[in-house]
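Asks: The structure that follows is given in the form of structure tokens.
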């Protein structure tokens with residue numbers, strides 16, 4: 001049986017730090033970011049279905065979010081100001097991402113590729129799926145800013161402002177619900193979020 005390097009590559013996502021040009025109180029890697037995005041995307045999909053008449057597969061959304069940055073194991077995490085410096089760079093980077101996504105799919109044993117390709121290749125996402133994952137991705141970046149600012153790191157002030165504009169552009173009913181119900185707790189200390197539920 002032929003060996004595959006697919007999961008050995010994915011395990012290296014934990015070695016790629018996000019926010020590489022920013023001073024961080026706590027470094028965040030792509031692996032842990034992907035898990036948080038998967039949890040938030042799943043929540044957004046569940047909220048959409050339960051509260052706002054949606055009909056999306058919340059489990060699939062979680063899987064798409066889990067793999068949404070997988071290609072960065074081959075490309076690295078390009079800082080946002082560089083990635084979107086101009087439309088030409090953004091377009092070229094998208095092409096590089098597409099090549100990296102295909103390279104990852106090609107690492108998967110052939111008999112499993114039809115399972116993993118639709119998770120890794122973002123061109124297989126529906127518009128609704130893509131929107132939910134992008135909302136979750138932006139929300140998690142925003143939450144990172146809140147955590148850094150709460151720790152006294154003003155380096156993230158401008159990033160927070162930019163992400164607020166991104167969130168406004170991607171705004172949805174499910175995002176509004178998430179922002180109202182879950183986000184305020186990120187401004188609180190461990191003692192404050194623990195006082196209502198002692199062990």
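Including glycine, each Cβ sits where the backbone N, Cα and C put it.
Feature table excerpt (Swiss-Prot):
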{"type": "BINDING", "residues": "18, 19, 33, 69, 77, 78, 79, 80, 137", "note": "substrate binding site"}
{"type": "SITE", "residues": "18", "note": "site 'Appears to be important in orienting the phosphate for catalysis'"}
{"type": "DOMAIN", "residues": "30-142", "note": "domain 'HD'"}
{"type": "BINDING", "residues": "33, 68, 69, 137", "note": "divalent metal cation binding site"}
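A description of the local structural setting of each listed feature is requested, covering burial, neighbours and distances.
Replies: According to DSSP, residue 77 (substrate binding site) sits in a coil region rather than a helix or strand.
Under DSSP, residue 18 (substrate binding site) is assigned to coil, being neither helix nor strand in the three-state scheme.
Sorting each residue of the domain 'HD' (30-142) by its DSSP state yields 92 helix, 0 strand, 21 coil.
For residue 33 (substrate binding site), the same-chain residues lying six or more positions away in sequence with a CB closer than 8 A to its CB are 18, 69, 140, 144.
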Asks: With an 8 Å cut-off on Cβ distance to the 33, 68, 69, 137 Cβ center, who else from the chain surrounds the divalent metal cation site?
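Replies: In sequence order, the nearby non-listed residues are 30, 34, 37, 65, 133, 140.
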Asks: If I take the alpha carbons of residue 68 (divalent metal cation binding site) and residue 137 (substrate binding site), what is the distance between them in whole Å?
Replies: 9
Asks: Across all chains shown, how many C-beta atoms besides its own are within 10 angstroms of the C-beta of residue 77 (substrate binding site)?
Replies: 18
Asks: Which of 18, 68 (the binding-site residues) has the most other Cβ atoms within 10 Å?
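Replies: Comparing the binding-site residues 18, 68, the most crowded Cβ belongs to 68.
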